[in-house]
Amino acid sequence: MLRGAKAHTLSDPQKAPAPTDKNAEYAKKKANFVTRTIWTVLMIGTFFAAMFMGHIYIIAIVTAVQVVSFKEVIAIASVPSRIRQLRTTKSLNWYWLATAMYFLYGETVIYYFKHIVLVDKVLLPLATHHRFISFILYTIGFVFFVTSLQAGHYKFQFTQFAWTHMALYLIVVQAHFIMNNVFEGMIWFFLPASLVITNDIFAYICGITFGRTQLIKISPKKTVEGFVGAWIMTVVWGFVMTNILTRSKYFICPVTDLGANFFTGLDCDPNPVFVPTTYKMPDFVFLPPGWNLSITMSPMQIHTMNFATFASLIAPFGGFFASGLKRTFKIKDFGDSIPGHGGMTDRMDCQFIMGMFAYMYYHSFIAMHKASLGSVMELAITGLTPDEQIELVRNMARYLGNQAILGEEVLSCLDAVIPARR
C-alpha cells in the first residue's frame, strides 16, 4: 500500500535536467490535471443528481463512502504477507464492519420508521430485540477472533483488532450520524458538507494569495492567514446559502417519504428556526430620535455562523489528523479510489467530524422534542397489554367520531369487530 515511492538514478548534481525529462514531467502534470478535473466534475454532478433524486440516493452514496473509506484505512495497516497467512484476519475485518452497520442502520430505521417497523409481523421481533441481536453478532466475532489467534502472530492480530475498532469509530460511527442528518432534513446534510468544501477552497486561495505564517508543522502548507481568511469567507457563504436553502421545504422538512425528490417536494410545518424573524437593534445614543435599525433573517442563519466556525476552526483538524496518520505510514494518499484525487478518505477526512457535529448541534439546540406517531406506537405496542391496546383503539375511535373525523358507519364496524376479538 505504500505509494509515492520512486526509483532514483545517480546523476551529476550540476547537470541540468534534460529537455526530454522536462517534457515528460509537464505531460505527466497535464494528464493528472485533466484526470483530476474530469473526476471533480463527475463527482459534483453525481452528488447534485443524487441530492435532487431523493434522500435514498444520498444514503446510498454515504454508505458507499463509508465502506470504501473503511477499506482504505484498514489496508494501510495491513501487512500483505501476514494477511495471506492469516486469511481469517481479513474476513474478520469485514465481519466487524457488517456487524457495526447492522447495528447502526437498524437503530436509524427503528428510530425514524417506528410506524412501519412496529406494525410488521416480520420486522417487529427484529426491532424489539435489535440491540440484543447486535450484541450477539459482535460476541460471535469476538469469540471467533480469540479462537483464531496463532502463535507468532499475536502482536499483528491484536494490532489489527485495535486498528479495526478505531476505523469503525472514526469512519463508520461518524458516517452514521451523517446519515441521520439526511433523515432530519436535507439541509442538515448539504449545508455542513458545503461549508467544509467552501472552507477548503478559500483556505487554498487565501493561503497562496497572502499566506506567510505556518499554521501547524504536521501540514506545512497551511498558513494562519489562509486559516483566518477561509473562516471569514465560510461564514459569508453559510449566511447566503442558508437564506437560499430555507426557502425550499425539500431541504428543511424531515423525511416522511423515501420516494420524494426535489421536484415532488416534501410538506411539513417548518421548524421555527427556519421562519424569518425581525431583529431590532437597541437604541443607541448617537442615533437621531425615531431612528431604529432592524434586520430580518431566519434564526437558522445565526446558527449557521456556529456551523461555519466549526467547519473553519475545528473540522480542518480532521485533515491534520489524517495527514499525521499518512506520515506515520509514509504514504502520500490513503488509496487511489478517486483518480487524480487519491483515496476516498483523503476527501472525507474533515466531513466525518463535521457531520457528527451537525447531528449533535441539531439535537442540542434546534430539534423540536415532541411526540411522534412512531414514538406513540412504540409505547403502545411495547408498554400496553393486548386488552389495553384494544381499549386504546376504541377510545381513539370514539374521540375521532366526536371530532367528526370518522363517520358513524366506521364506528359501528369497530364496535362490532373489537368486542368479537376480545
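The backbone N, Cα and C atoms fix where each Cβ goes, glycine too.
Annotated region 'Disordered' per TrEMBL: 1-22, in sequence order.
Positions annotated as transmembrane segment by TrEMBL: 33-50 (among others).
The feature transmembrane segment is assigned by TrEMBL to 56-80 (among others).
Positions annotated as transmembrane segment by TrEMBL: 92-112 (among others).
What TrEMBL lists as transmembrane segment is 132-149 (among others). Outside the transmembrane segment (132-149) by six or more residues, the chain places 86, 88-89, 92, 95-96, 99, 102-103, 106, 126, 157, 161 with a CB less than 8 A from a CB of the stretch.
According to TrEMBL, the transmembrane segment annotation covers 161-179 (among others). Long-range Cβ contacts of the transmembrane segment (161-179) within its own chain (Cβ-Cβ under 8 Å, at least 6 residues beyond either end) map to 59, 62-63, 65-66, 69-70, 73-74, 77, 92-93, 96-97, 100-101, 104-105, 107-108, 145, 189, 345, 351-353, 355-356, 358-360.
Annotation comment: TrEMBL describes 185-211 (among others) as transmembrane segment. Proximity of distant same-chain residues to the transmembrane segment (185-211), defined by a Cβ-Cβ separation under 8 Å and at least 6 residues beyond the stretch ends, is recorded for 51, 55, 58, 178, 221-231, 233-234, 237-238, 241-242, 245-246, 250-255, 304, 307-308, 311-312, 315-316, 350-351, 354-355, 357-359, 362.
If you look up TrEMBL, you'll see 223-240 (among others) marked as transmembrane segment. Within the same chain, residues 191, 194-195, 198-215, 301, 304-305, 307-309, 311-313, 316 sit at least 6 positions outside the transmembrane segment (223-240) and bring their C-beta atoms closer than 8 Å to a C-beta of that stretch.
Annotated transmembrane segment per TrEMBL: 307-325 (among others), in sequence order.
Distant neighbours of the transmembrane segment (307-325): 76, 191-192, 195-196, 198-199, 203, 216, 218-219, 222, 227, 230-231, 234-235, 237-239, 334, 345-346, 349-354, 357-358, 361; these residues of the same chain sit at least 6 beyond its ends, with a Cβ under 8 Å from one of its Cβ atoms.
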